[in-house]
Every structure is written in C-alpha cells, then in structure tokens.
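A short worksheet on the structure shown next.
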DNA sequence: ACGGCGGCTATACGTGGGTATAGTCTGCTA
DNA sequence: TAGCAGACTATACCCACGTATAGCCGCCGT
C-alpha cells in the first residue's frame, strides 16, 4: 500500500518492472534502454530478456501492471461519493508515481483498458447524475462519459504544461488545490446558458454530416 | 490556405519540414528516421542535415512551424464568438493534419508557446464571461484558463482513445458532432449545485497544504 | 548424493541510423 | 570565362542498443 510499493526487497522480476515503469515514463519507450533499466533494477541486462522476452514484452507487462494498479485503487476507493475527499486523495497518491508512464501510454493510444475503465466509471456517475436532474442532456451518455474522461485525464497527460503555466510543482498539494477548485468551478457554474447551448446544438445539427474536423470550442 | 499547404512545388527545405511533421507525428520522434523523412520529401538524407543541422534541429523547426501555424489560424479566426461556427470550423480543419504532431509535442511537454497562447485566449474568454455573470468564481481566472485549455486539448491528445471509445473516426464530422454536443452539455448544465461546490471548495481549503497529489474528480 | 531446473551473468553479434566528409551541379556576378 | 556560393548527393563511419548464446550457481525433490 506504499505509494511506491517496493522497498528494495522485491523479486527481481518486479524490480525490473518497476524500473521499467520509471524509465519508460521519464524517458519514453524508445529512449529508455534495457541496460539502464537493468542497472536501476540492479540486475544484468540479460535477465530482463530472460523474464520478459523482449523490450516490447517488458512494456506489455508494464501496461498490465498499470491496469492492475488502477483496479486496485478503484477497489480501495470505490466509494466515489464526492464527500470523501481523503479517500480519493490517498488513492490518487498511490497512482501519482506512475503518472509519467500513464501519460505517455495514453498519449500514444495504448493502455486502452485504463481509459475504457474510466469511461465506465464516468457513465455510472453520469447515470446517477441524470437521474437527479430534470434538464434534458444535449448528448447521449456515452459521448459525455468519453469526453469527461478525456478531460479529467488531460490534467495528467498535460501536467508539464499545467504545472508550468500555474507555476506550481505538479504532483503537489498546491497544484491539487488550484486545479480542484478550477474544476469545481466548471462543474458548478454553467459557461453558457441553456438557450445558447440549444441554439449551438441545433446549429451543429444543421452543419450535420457537413465538412471536416472539429473538436472543441476555443477554451 | 490549403489544409495541407503544400502541393509538391515547395522549396526542398519546406518539403523536408512538412515530411518531418508527418513522420514525427505518426511515428514519434525517435522512431522516425532522417532517411525516411528525406525519402518522403524526395531529397537525400544529407540535405536534411545541410538545412537543419541535426535531427533535433529539424524538430525545433517543426515546433516553430507549428506555432506559426497556430498564430495564422488564430488571426484568421480571431472572431471567436460562438456564433460563427463555420469560421472556427475551417480554421480547425487547417490544423487537423498536424494533430498527431501537436499531440505528441504537447504530451512530451514541448510546444509551450502553443499551450501558453491558448491559455491567453482562454483568459480573455473567461474575462468576458466573468463580466457577464454575477456568481463568484471558486478559483482565480488563470487557474481556470489553464484547466480549460488542458481540457480542450485533451480531445486532440487523447483522440485515439476518444475515437475508439465513441466508435467514430477522429478527424471526422461524426466525431465533431458527438464531441461538440457533449462539450456544450458540460458547458451549459452544471454537474454539481453551487452549494455542494462551495462545500467541496471549503473542504479542500481545510485539507489545505495537506498531503500529496490530487488532480481531478473521478470523471 | 545427484540430477535438473530456473534465476541470473558475461560476452558477443549484428545493425539501424545519426553524423561527418567529400564531391557534383547549378546559377550568379564580374 | 573564371570563379565562388549554396543547394544537393553519395558514401563511409561509428556506436549505441536490442538480441542471442553459453554457462554458472543455488535450490529442491528423491
């Protein structure tokens, strides 16, 4: 349950995997070398191959480990009621060391189970929410869940920019405070009125099967 | 003004740069090779070095080009009023071919000017918005601008997951429609009531300089 | 006591790919 | 016509790194 779960008495296999998660996260898959990973794990390069077959094999093991970790954290904090901030807090703290790896994996389009799992959670969350609201949603629940997931992950994936732009270190309490408040603000204060939203949605429908890309409003 | 601005009668230097933007975007910086880029640009590998000095030099040129492009698009669509969807539409279409490169650059923490520029725009946008609203924001404007920027970029950076999870191709009209509607929904319908938000913000303040990371609510 | 197996190391091989150098061709100025 | 400059090519170098092989050592079952 330690944030970094591994003192130094771990099986070599696990040490290698943890070292890889760090190296891949910090340097990226291509720049990271088996030799460096082995050195960090305090084993010979050959052993890496022995256990994981190849560099790609090692990465797959890392991905799996990441999903395993997410599920663990999830299980531990499945009380997702907004009230229990402390619980979520601790859960996130456990993930933080793996942010760099996570961010890279997601940005490269890997770690799909992780993303999908979060979408699932978002859908559950929206389901509750829809039940307790009377206004009609503009989009189907799944779309909203996917977009919400992407948005929440953006903070991790773009943490270097967020950190720099806010002038705070990013796994860090200051950042948590600023970001959480900003998000609560967005969650609680509508940026556009319902009539404007309906008008925009209608305009979109009119553009319909129209032309090429679009993704999101300016901000 | 063409979406991909370059037929095939461009200066070799420009052809190389465009080829690099594509290769770096699709394969990543490390996996992309100077030789392949040269071939795409229909020049010899040596010429790449001649013009850009090194692979890193080439990447820097790409980053600069990206910022130049953003400013161009911005200038062209500086009428950021939500009404003129068509204008924004065309502007975005011009950027779309560079999404893969953009996404990678941002995820790796590069292309800071691009991010910062978007933060600036968000701040302007929020400034207007704050003026026309009476409710007190929970966070300072800059924090909100940074978070909003990260959120809107998340769609591009995580487009592979978004695309997969929605089952639509991602530079594409279908995706635009779904995503835009979902975003308008979030922008127009508050997810939590103001009293809950205030309570949560207060709770955060109480945790205060507390413990380690936090980033965002579950969804 | 022993045979075998799995964790582990040392060493070597092969090559992809960035970089460096030398040389060619075209066009311009005088 | 000479001669220089810069765009461009061909070729070679070199090393980092993934992969492969062969072997050592300690443990366990019998």
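Quick reminder: no glycine exception, Cβ is built from N, Cα and C everywhere.
According to TrEMBL, the DNA-binding region annotation covers A:33-52. Each residue of the DNA-binding region (A:33-52) gets a DSSP state, and the totals for helix, strand and coil are 16 helix, 0 strand, 4 coil.
Residues or ranges marked as domain 'HTH tetR-type' by TrEMBL: A:10-70.
When Cβ-Cβ distances below 8 Å are used as the criterion, the DNA-binding region (A:33-52) is approached by residues 12-13, 15-16, 18-20, 22-23, 58, 61 of the same chain, each at least six residues removed from its ends. The average per-residue pLDDT of the prediction over the domain 'HTH tetR-type' (A:10-70) is 95, rounded to a whole number.
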